[in-house]
Amino acid sequence: MLSAVGRAVFRVSGSLRIATVTMADTLAKVPDVEIDPEGTFKYILVRITVKDGSVHKDIVRGTKSAEYHNHIFDKVNPAMEALGMECKCLGGGKIEHNSQDKKLRVFGESTAFGKADHAVSAEKLKSAFSDYEITWSDDKK
(Lines of atoms letter the chains of each structure in order from A and count residues from 1; the text may use other names and numbers.)
(Lines give C-alpha, C1' and ligand atoms only; values in the text may rest on other atoms or scores of the structure.)
Protein backbone atom coordinates (compact mmCIF):
# COMPACT_ATOMS: atom_id res chain seq x y z
CA MET A 1 0.00 0.00 0.00
CA LEU A 2 1.25 3.52 -0.75
CA SER A 3 0.68 6.53 1.42
CA ALA A 4 -0.08 9.98 0.04
CA VAL A 5 3.60 10.96 0.14
CA GLY A 6 4.66 8.02 -1.97
CA ARG A 7 6.25 5.85 0.68
CA ALA A 8 5.48 2.20 0.98
CA VAL A 9 3.60 1.58 4.21
CA PHE A 10 3.41 -1.85 5.83
CA ARG A 11 1.41 -2.91 8.87
CA VAL A 12 3.67 -5.02 11.09
CA SER A 13 2.50 -6.24 14.50
CA GLY A 14 -0.19 -3.58 14.67
CA SER A 15 2.14 -0.66 13.90
CA LEU A 16 2.98 1.15 10.70
CA ARG A 17 6.48 1.01 9.29
CA ILE A 18 7.64 3.19 6.44
CA ALA A 19 10.00 1.66 3.92
CA THR A 20 13.15 3.69 3.37
CA VAL A 21 12.81 3.65 -0.40
CA THR A 22 10.50 6.33 -1.75
CA MET A 23 9.29 6.76 -5.30
CA ALA A 24 11.81 9.56 -5.77
CA ASP A 25 14.62 7.28 -4.54
CA THR A 26 13.65 4.65 -7.09
CA LEU A 27 13.54 7.20 -9.91
CA ALA A 28 16.86 8.71 -8.83
CA LYS A 29 18.58 5.34 -9.28
CA VAL A 30 17.72 5.31 -12.99
CA PRO A 31 20.38 7.16 -15.02
CA ASP A 32 19.05 10.16 -16.96
CA VAL A 33 21.17 9.27 -19.99
CA GLU A 34 22.58 6.09 -21.49
CA ILE A 35 24.02 6.55 -24.98
CA ASP A 36 26.82 5.08 -27.07
CA PRO A 37 30.25 6.66 -26.58
CA GLU A 38 30.75 7.56 -30.26
CA GLY A 39 28.98 7.82 -33.62
CA THR A 40 25.57 8.73 -34.99
CA PHE A 41 22.66 6.65 -33.74
CA LYS A 42 18.95 6.56 -32.98
CA TYR A 43 17.70 7.72 -29.60
CA ILE A 44 14.39 7.91 -27.72
CA LEU A 45 13.08 10.14 -24.95
CA VAL A 46 11.16 8.03 -22.44
CA ARG A 47 8.97 9.10 -19.51
CA ILE A 48 9.22 6.65 -16.63
CA THR A 49 6.59 6.70 -13.90
CA VAL A 50 6.37 4.66 -10.73
CA LYS A 51 3.47 2.21 -11.22
CA ASP A 52 0.25 3.52 -9.71
CA GLY A 53 1.96 6.84 -9.03
CA SER A 54 2.29 10.26 -10.57
CA VAL A 55 5.98 10.86 -9.87
CA HIS A 56 7.98 10.62 -13.10
CA LYS A 57 11.13 11.64 -14.93
CA ASP A 58 12.32 11.65 -18.52
CA ILE A 59 15.33 9.64 -19.66
CA VAL A 60 17.35 9.49 -22.88
CA ARG A 61 18.47 6.19 -24.40
CA GLY A 62 20.39 5.75 -27.64
CA THR A 63 22.53 3.17 -29.40
CA LYS A 64 24.01 2.27 -32.78
CA SER A 65 22.85 -1.31 -32.30
CA ALA A 66 19.20 -0.30 -32.80
CA GLU A 67 18.04 -0.56 -36.39
CA TYR A 68 14.74 1.08 -35.43
CA HIS A 69 13.69 3.30 -32.52
CA ASN A 70 11.31 0.66 -31.17
CA HIS A 71 14.29 -1.69 -30.66
CA ILE A 72 15.57 0.73 -28.02
CA PHE A 73 12.16 0.89 -26.35
CA ASP A 74 11.92 -2.93 -26.43
CA LYS A 75 15.05 -3.06 -24.24
CA VAL A 76 14.22 -0.16 -21.93
CA ASN A 77 10.62 -1.11 -21.14
CA PRO A 78 11.24 -4.55 -19.52
CA ALA A 79 14.19 -3.19 -17.52
CA MET A 80 12.03 -0.37 -16.13
CA GLU A 81 9.09 -2.71 -15.45
CA ALA A 82 11.43 -4.85 -13.35
CA LEU A 83 12.05 -1.75 -11.20
CA GLY A 84 8.32 -1.11 -10.78
CA MET A 85 8.15 1.58 -13.47
CA GLU A 86 5.87 2.21 -16.41
CA CYS A 87 7.32 3.61 -19.64
CA LYS A 88 5.96 5.88 -22.32
CA CYS A 89 8.04 6.82 -25.34
CA LEU A 90 7.75 10.58 -25.91
CA GLY A 91 9.45 10.45 -29.31
CA GLY A 92 12.79 9.89 -30.91
CA GLY A 93 15.46 11.18 -33.22
CA LYS A 94 19.19 10.83 -33.69
CA ILE A 95 22.27 11.80 -31.74
CA GLU A 96 25.64 12.53 -33.28
CA HIS A 97 28.27 11.90 -30.59
CA ASN A 98 31.81 13.12 -31.21
CA SER A 99 33.72 12.27 -28.04
CA GLN A 100 37.05 13.59 -29.33
CA ASP A 101 35.66 17.09 -29.92
CA LYS A 102 33.24 16.76 -26.97
CA LYS A 103 30.19 17.56 -29.07
CA LEU A 104 26.66 16.15 -29.15
CA ARG A 105 24.09 17.06 -31.79
CA VAL A 106 20.42 16.06 -31.42
CA PHE A 107 18.21 16.05 -34.51
CA GLY A 108 15.76 14.04 -36.62
CA GLU A 109 12.66 12.10 -35.73
CA SER A 110 11.30 8.60 -35.27
CA THR A 111 8.85 7.18 -37.79
CA ALA A 112 7.28 4.99 -35.10
CA PHE A 113 7.20 7.44 -32.16
CA GLY A 114 7.38 10.88 -33.78
CA LYS A 115 9.87 13.63 -32.98
CA ALA A 116 11.08 13.88 -29.40
CA ASP A 117 11.29 17.29 -27.77
CA HIS A 118 14.97 17.76 -28.61
CA ALA A 119 15.24 20.70 -26.20
CA VAL A 120 14.32 18.38 -23.31
CA SER A 121 16.70 15.70 -24.59
CA ALA A 122 19.52 18.25 -24.90
CA GLU A 123 18.99 19.38 -21.29
CA LYS A 124 19.20 15.76 -20.11
CA LEU A 125 22.41 15.32 -22.12
CA LYS A 126 23.86 18.49 -20.56
CA SER A 127 23.40 16.98 -17.10
CA ALA A 128 25.43 13.91 -18.12
CA PHE A 129 27.95 15.65 -20.41
CA SER A 130 28.50 19.01 -18.70
CA ASP A 131 31.84 19.60 -20.45
CA TYR A 132 30.38 19.06 -23.95
CA GLU A 133 28.99 21.45 -26.53
CA ILE A 134 25.41 20.25 -27.05
CA THR A 135 23.19 21.47 -29.87
CA TRP A 136 19.82 20.45 -31.20
CA SER A 137 17.67 21.20 -34.22
CA ASP A 138 14.53 20.04 -35.96
CA ASP A 139 16.60 19.16 -39.03
CA LYS A 140 16.04 15.67 -40.34
CA LYS A 141 19.69 15.17 -41.26
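Backbone N, Cα and C define each Cβ position, glycine as well.
What you are looking at is a predicted structure, and each value in this text was computed from that prediction instead of being measured.
According to TrEMBL, the active site, proton acceptor annotation covers His69. Positions annotated as substrate binding site by TrEMBL: Lys42.
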Given Lys42 (substrate binding site) and the residue listed as 'active site, proton acceptor', what distance in Å do their CA atoms have, once rounded to a whole number?
6
Using the structure shown, find which entry in Lys42, His69 (the recorded positions) has the sparsest Cβ neighbourhood within 10 Å.
Lys42
